[in-house]
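Novice: The structure's right below; bear with me while I get my questions together.
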Amino acid sequence: EKKEKENYVTEKRTSVVLENLGQTIISDLGSLESQQDFRTPEFEEFNGKSDSLFFNDGQRRIDFVLVYEDESRKETNKKGTNEKQRRKRQAYESNLICHGLQLEATRSVSDDKLVFVKVHAPWEVLCTYAEIMHIKLPLKPNDLKNRSSAFGTLNWFTKVLSVDESIIKPEQEFFTAPFEKNRMNDFYIVDRDSFFNPATRSRIVYFILSRVKYQVINNVSKFGINRLVNSGIYKAAFPLHDCKFRRQSEDPSCPNERYLLYREWAHPRSIYKKQPLDLIRKYYGEKIGIYFAWLGYYTQMLLLAAVVGVACFLYGYLNQDNCTWSKEVCHSDIGGKIIMCPQCDKHCPFWKLNITCESSKKLCIFDSFGTLIFAVFMGVWVTLFLEFWKRRQAELEYEWDTVELQQEEQARPEYEARCTHVVINEITQEEERIPFTAWGKCLRITLCASAVLFWILLIIASVIGIIVYRLSVFIVFSTQLKNLNGTDPIQKYLTPQTATSITASIISFIIIMILNTIYERVAIMITNFELPRTQTDYENSLTMKMFLFQFVNYYSSCFYIAFFKGKFVGYPGDPVYWLGKYRNEECDPGGCLLELTTQLTIIMGGKAIWNNIQEVLLPWIMNLIGRFHRVSGSEKITPRWEQDYHLQPMGKLGLFYEYLEMIIQFGFVTLFVASFPLAPLLALVNNILEIRVDAWKLTTQFRRLVPEKAQDIGAWQPIMQGIAILAVVTNAMIIAFTSDMIPRLVYYWSFSVPPYGNHTSYTMDGYINNTLSIFKVADFKNKSKGNPYSEQGNHTTCRYRDFRYPPGHPQEYKHNIYYWHVIAAKLAFIIVMEHLIYSVKFFISYAIPDVSKRTKSKIQREKYLTQKLLRENHLKDMTKNMGVIAERMIEAVDNNLRPKLE
């Protein structure tokens, strides 16, 4: 049956394609441009209805608009190029007419050079292509899909948060089935004008526009509106908004969906309300609807994570005065008398430990027992979020009729155009065309993988450059900020480590944004060269490339600070050098956790600000400039299609970037949350604004998108699952290796009391002195001795952050027993934490099915009732036909027997 449908589609297309598209123009139709009178009386009468969505006759609905610039009225007229473009456009429009579409052209009110071609799909065309595209349409009203309302005492609260149903009325639900013309009587057709809603009409017309040819050269077909727009033959192609967003349409038949979306969704006063997902889906299509459903659900789940994160932050903040090791750092008789070794060879002075007093106080807030609890909680939270989202996604699939969507997807026009190689299909044993051979496919995959690897290596090179910057500039800051008494207000808060960290984070963020902008175009070029078959394959391929790049781009600096900085530094007498020249960075005496927190704050905050500038200010400014450049004056006489043309185009990958932005944020919230418990709170605030900003942008600043079907969020789901698995490891390693929690616990339980300690009870007193090793100044190598330290005084020893035996010990400068206890405890902690969280994750995943039993029952029952309905209708038709046949047979027998009886 599927093969027969494909043959039918092929025959249908073949029957309407012209033999010589570039040369033939149908004689009875003539040239569309030569026939149109752009200043007809109908247009003058129509001109006052700025929100009209119909042709000049007021009957045929505008399903799509094409815009081009009239070559004859251009100031610089290149005859050869303009003539080629005009011929291609004429051939294309003639073939649109041959496919059954109806066109009407009119000139712009504000610019005589612009011509708007309005496209209308008649009933027959809609029915034909609805069957080709397997579009599901209503059979009969369905009472199974009634949403369950809130119950109990929460009714009033839910009503406040929900959209007012008297304003946005719930959509009537139907049993649906893929449309078939020969079974048209089975479908619920009350009115032909409303049977196909505007979104479905636009989808069908765009399907035709994407597949109509305009030129054939050397047996290679060129077709599709996207190519024509990219080559400049058309300036734009888009469906229309149904009205202005600030007020309702004057047409009483207009549903005013754009106005309702702006009022109840995009307006700031609706920021606390739930999203009208059904109306979003109806107006923009399932693909946009599923994105906002996912973003809304993610934001709801962030509320719980934000509450727990704030609680852990407050716990650390309120208990920072009880932080014993921070008190020792700030104490004038302890931290004020501990002289630390220089952190570089030539220009760095000796320094007192108490200059890190302020940073140690801040570190107590984040490096607390609450951080451990929060890391374990987030490991469970992310699993709950993913599992419950799968259930919610299954509900939306049922409610939006996308359960069997994968069977409907067609090949991309770009793929079909390149199908020149003929092969024998192993299943049908018939000839079929493919774009390239197996060898050619392997070659393309190799080239694409090489290009992706090259750009990832380029990012790693930029990270190395940032590391070299950190190593170099640390010397400068150490020279400029070498006041040792800690009384200078600047030095009190701005240590060399802090200054280096902040400046390096800012530079890293700028490099990230630059590389991100460049790689976006490169990734699209690579994916276009790869030539995926369907749009889903295309988006999934691009998603994996972009995320892989963004993962390295955004997270590499965080991984460096968390797991590499300060881990391979040696000791003052034998330091480790980077590239043989730069001495490796060291962490503060309390570890690198505070620096990781600073890095996350700058990147998350900077990224949010940058994205809002791109998403809000740029479209608004571009539209403002466009309005100033119009010559027409009053907007009241500007027709709907011209108003929409002056809005900004969203682009086919606009939604892709919205997903990417949120997934990168999801990575920051989960991968490094052990270092920054406030990350979920920042993400929550950002997402609440993001939903309304995206809504405002779509409804007011951008042209209406072509509605597209989508069953789920695509490749982003497995990406989030991969991040969730990796997050358990990263957070366990941050607590073990980046924070100072494990060494403190080892000291408290093992080294504060005999046999290793001198205290009679478990305590944190003496922790700082115990964790700072001693180095003899006379043991500095010649490389350091050649640069005397003016601030050295009469000190013969200095301290450094490590667990090594002191000078004079038989194993001097070797790792001591404390070091091995700490390493064993860190490894044990990682193993226990990972296995504990993974076990909980596995249990949750097993206990929570992806599709709820109720939803599964609804899907099965609706499928059963739909089949029963179709079968009953079929039996009725058969019974009716058999009755007619029986009557005719009786009549024939009667006519034959009557003469004989007489």
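Just so it is clear, glycine is given a Cβ too, placed from its N, Cα and C backbone atoms.
From TrEMBL, for reference:
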type	residues	note
DOMAIN	54-277	domain 'Anoctamin dimerisation'
DOMAIN	280-862	domain 'Anoctamin transmembrane'
TRANSMEM	291-318	transmembrane segment
TRANSMEM	369-389	transmembrane segment
TRANSMEM	451-478	transmembrane segment
TRANSMEM	498-519	transmembrane segment
TRANSMEM	546-564	transmembrane segment
TRANSMEM	662-685	transmembrane segment
TRANSMEM	719-739	transmembrane segment
TRANSMEM	817-838	transmembrane segment
Novice: Using a Cβ-Cβ cut-off of under 8 Å, list the residues of the same chain that are 6+ residues beyond the ends of the transmembrane segment (291-318) and lie near it.
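Specialist: Contacts with the transmembrane segment (291-318): 274-275, 277, 280, 364-371, 373-374, 377-378, 381, 384-385, 388-389, 392-393, 396, 655, 658-659, 662, 666, 669, 673, 677-681, 683-684, 687-688, 690-691, 694-695, 713.
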Novice: With Cβ-Cβ distances below 8 Å as the criterion, list the same-chain residues six or more beyond the ends of the transmembrane segment (546-564) that contact it, or say none.
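Specialist: For the transmembrane segment (546-564), the nonlocal Cβ contacts are 452, 455-456, 459-460, 463, 466-467, 504-505, 508, 512, 515-516, 519-520, 523, 592, 595-596, 599-600, 603, 607, 656, 660, 663-664, 667-668, 671-672, 675, 719, 730, 733-734, 737-738.
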Novice: Excluding the flanking five residues on each side, which residues at least 6 beyond the ends of the transmembrane segment (451-478) place their CB within less than 8 Å of a CB in that stretch?
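Specialist: Sequence-distant neighbours of the transmembrane segment (451-478): 342-344, 346-349, 496-497, 499-500, 503-504, 507-508, 511, 515, 519, 522-523, 526, 545, 548-549, 552-553, 556-557, 560, 578-579, 582-585.
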Novice: Summarise the model confidence on the domain 'Anoctamin dimerisation' (54-277) as a single mean pLDDT, whole number.
Specialist: 83
